[in-house]
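Engineer: For reference, the structure I am asking about is given below.
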Amino acid sequence: MSSPASSPSSSSAPRAARRDLLEGPIAVTLLRKSLPVVGGMIAMMSFNLVDTWFISRLGTEELAAVSFTFPVVFTVISLAIGLGIGTSAVVARRLGQGDAGAVRRRATDAALLTLVVGGAMTLLGLATLNPLFRLLGADDVLMPHIRDYMGIWYLGAPAMIVPRVLNSILRAHGNTATQGLMMALAAGVNVLLDWWLIFGVGPFPALGVAGAALATVLSWGLMAAVLVVHRELRELFDLAGLTPQGLAASWRELGRIAGPAALTSVFTPIALGLVTRIIADHGHDAVAGYGVGTRIEAISQIVVLALSMTLSPLVSQNAGAGQHDRVRRAILGCFVFVLAWQLLVWAVLQGLAPWLVAGYAEKEAVARVLRSFLWLVPLGLGAQGVVILAVSSFNALHRPALAMRLSVFRLFALTVPLAWLGGRLAGSTGVFAGMLAANLLVGLLAWWQIRAHLARRAA
């Protein structure tokens, strides 16, 4: 690990990043940096589908046991996402200010914080494994499988958290190609290890659900190892200048953004769980149709989610450099793009709807629900994309409280109540109409809030 003055290339990387994000054409820059992330996200989604399919081959009990782990796993991942958002915002702002020493200091301190958090998650998870999953409702039949899976997953928690933060440091520098490549690498390795470790191939024993957990930990651990020796990151890390006071100051700055961002990530599955509960009042067919619809919805938002990751460092760097007009043009331009893009996605889904419904819905009752979902919910994804980008931008501008309030308002003041009201008035179709209305309303609010905030910053 280099000291601040030891490597000339350590300062050339930030300068190159500043030229790219501070001076390059906005649309071209965002497109070029979003494409690798899109590829990586597609690879990870494909891995998740394959992973679930492999586990389903073991039996219903094993699949149910792993399903019980999702809320806990997602909570830990939400914490990692929050740390990544905070790290990206802090490092990118220092890059925009041209302070190479502070960039190295914040990047190093963020990596150390990640190791501490990962270790704490391992200890806390192992200590609470049995009582926590009993509280979630796991019975004596499922608990042995849950212990097999989570015992390994908790041990590998640092490997699940570290890559997300290291990738966020690279994103802050404008390097998204490495993240896309690492995500694809981890997905490919995971699929191979799943097959070998779950079912036993050659010298590998059949480990069942424990093999699935081990495959995940090893693939993410490989990603972490590759990132740690990555030249750009090695040149950034600086242990020589480490002091307790400086470390505490860095962690406080990171926590101011990472904490609210992590909470926001946790709130999303809670709200979706409440919507699922509302849908459940209308029968199993409604739940089945809604479940298929949400998976299609997730795939249709890949571009928006990738753009939110690449917009953030551009906003942070330009805000740090005082280029407020460029920040405004980038954010509002992305708003217009996602509205047009998601409208195109909605049109494509309408064309594909007959095949999607025929492929995923064997019962006519499920097909009716899915058709209704595909007609209504994707129509509001453009407005939801505006909200996602607004939240990302507020975090990038070091306004995490505004980001969290906007997310909480969308989820709990609009989406859940309007879905409930729609369900009371018009069944499952009313639920979807309520979700559409919530997205449209909060999209308008997000646009207004961003414009007002940017106007105040520029004044």
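Cβ atoms are placed via backbone N, Cα and C, with glycine included.
Caution: TrEMBL annotation is automatic and unverified by curators.
What you see is a predicted model, and the numbers here were worked out from it, not measured in a lab.
Taken from TrEMBL, the feature transmembrane segment covers 35-56, 68-91, 111-129, 149-166, 178-198, 204-229, 330-353, 373-394, 406-423, 429-448.
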Engineer: Looking only at residues six or more beyond either end of the transmembrane segment (406-423), which have a C-beta under 8 A from one in the stretch?
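Structural biologist: Same-chain residues near the transmembrane segment (406-423) but 6 or more away: 264, 267-268, 270-271, 274-275, 278-279, 281-282, 387, 390-391, 394, 429-435, 437-439, 441-442, 445-446, 449.
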Engineer: Determine which recorded stretch among 35-56, 111-129, 149-166, 204-229 has the most C-beta pairs below 8 angstroms with the transmembrane segment (68-91).
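Structural biologist: Out of the listed stretches, 149-166 contacts the transmembrane segment (68-91) most.
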Engineer: Other than its close neighbours in sequence, what residues sit by the transmembrane segment (429-448), given a CB gap under 8 Å and a spacing of at least six beyond its ends?
Structural biologist: 275, 278-279, 282, 290, 335, 372-373, 376-377, 379-384, 386-387, 390-391, 406, 409-410, 414-415, 417-423
Engineer: Please indicate, using numbers and ranges, the residues of the same chain that are 6 or more beyond the transmembrane segment (204-229) and have a C-beta under 8 Å from a C-beta there.
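Structural biologist: That would be 51, 54-55, 58, 62, 65-66, 145, 148-153, 155-156, 158-160, 162-163, 166-167, 170, 178, 182-183, 185-187, 189-190, 193-194, 196-198.
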Engineer: Near the transmembrane segment (111-129), which same-chain residues lie under 8 Å Cβ to Cβ, leaving out any that are not at least 6 residues past its ends?
Structural biologist: 72, 76, 79-80, 83, 146-147, 150-151, 153-155, 157-162, 165-166, 169, 237, 242, 247, 250-251, 254
Engineer: What residues in the same chain, six or more past the boundaries of the transmembrane segment (149-166), come closer than 8 Å to it by Cβ-Cβ distance?
Structural biologist: 65-66, 69, 72-73, 76-77, 79-81, 83-84, 87, 110-111, 114-115, 117-119, 121-122, 125-126, 129, 133, 182, 186, 209-210, 212-214, 216-218, 220-221, 223-224, 227-228, 230, 233
